[in-house]
Amino acid sequence: MAQDNSSRVTEFILLGLSDTQELQLLFFTFFLLAYTMILLGNLLIIVTVRTDPKLSSPMYFLLCNLSFIDICCTSVTAPRVLVALLSGHKAIAFEGCMAQLFFLHFVGSSEMFLLTVMAFDRYTAICRPLHYTAIMARRACWALVAACWAGGFIHSIVQTALMLQLPFCGPNTIHSYFCDVPPVIRLACADTALTEWLMASNSGLISLGCFLVLVASYALILAKVRARVSQGNWKALSTCASHVMAITLFFMPCIFTYLRPAGTLPPSKYVCVIYTILSPIMNPLIYTLRSSEVKESMWRLWKSCRT
């Protein structure tokens, strides 16, 4: 264990997902392919939306921001995991660990807030179409996105401040592949019961609150369109169903991880893969690539690049 003269831990050891050499090679391949897909898929969406004037509606503006957040969220953990799996160097400095924790919660909570804004956008478009242009004006969209980032920053500052006030002087082995609140707080050399409850009420209630708002918004949309059987409404219903699948995939692991004190149940490092890797892969497929407008824009972009 790496310590300084005051017996304070100066680095942590990230054990990763497995110690087996064969599994490490498998995990490296999985993380490399997943990270490449996330980068290419989300960058393609950003470029397509930014270059095509036809994709200037608030929905695509928010989707472009979601793609950017997904890239940031995965980049907080995936490169460090790939380096560790390739080199076998599992140590991370204390400052690096706290920085990773900060940025993970910063972009993660910002994504939660943004998904909530996107649900509001869909609710307004379907349930209040005559007022949609006025409610979701470009200035309002910029303000909502800025509020998402500001909310994520405030949340992350609180989480990191609670972690930094804890003493770490004993074990420094983290049973995960990145630094997060549940596995790190278990290593503190103090009674962390109050801090755990504060963190659970912070991260957990944000996850649960955003999830309930999202479910309620899509329930209202369903109630609005269920009596209509036109093709457009069936398309809206199909879109809402796919969105509910995406938010469930993202929010349920977060609620399971954060809506409880760290000592009540053992942490599951495999659950973390769902919201750090699988969800950013699924978001472009569910939110964007199902849209015929986006696919047509991508095809035009491809033909313009070839000429």
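Placement of Cβ uses the backbone N, Cα and C atoms for every residue, glycine included.
Copied over from TrEMBL, here are the features:
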DOMAIN    41-287  domain 'G-protein coupled receptors family 1 profile'
TRANSMEM  25-47  transmembrane segment
TRANSMEM  59-78  transmembrane segment
TRANSMEM  98-120  transmembrane segment
TRANSMEM  140-158  transmembrane segment
TRANSMEM  204-225  transmembrane segment
TRANSMEM  237-258  transmembrane segment
TRANSMEM  270-289  transmembrane segment
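With a cut-off of 8 Å between Cβ atoms, the residues of this chain six or more beyond the transmembrane segment (25-47) that come close are 16-18, 63-64, 67-68, 70-71, 74, 78-79, 81-82, 85-86, 277-278, 280-281, 283-285, 288-289, 294, 298, 301. Using a cut-off of 8 Å between Cβ atoms, the transmembrane segment (270-289) and the transmembrane segment (59-78) share at least three residue pairs, counting only pairs 6 or more apart in sequence. In this model, the domain 'G-protein coupled receptors family 1 profile' (41-287) carries an average pLDDT of 85.
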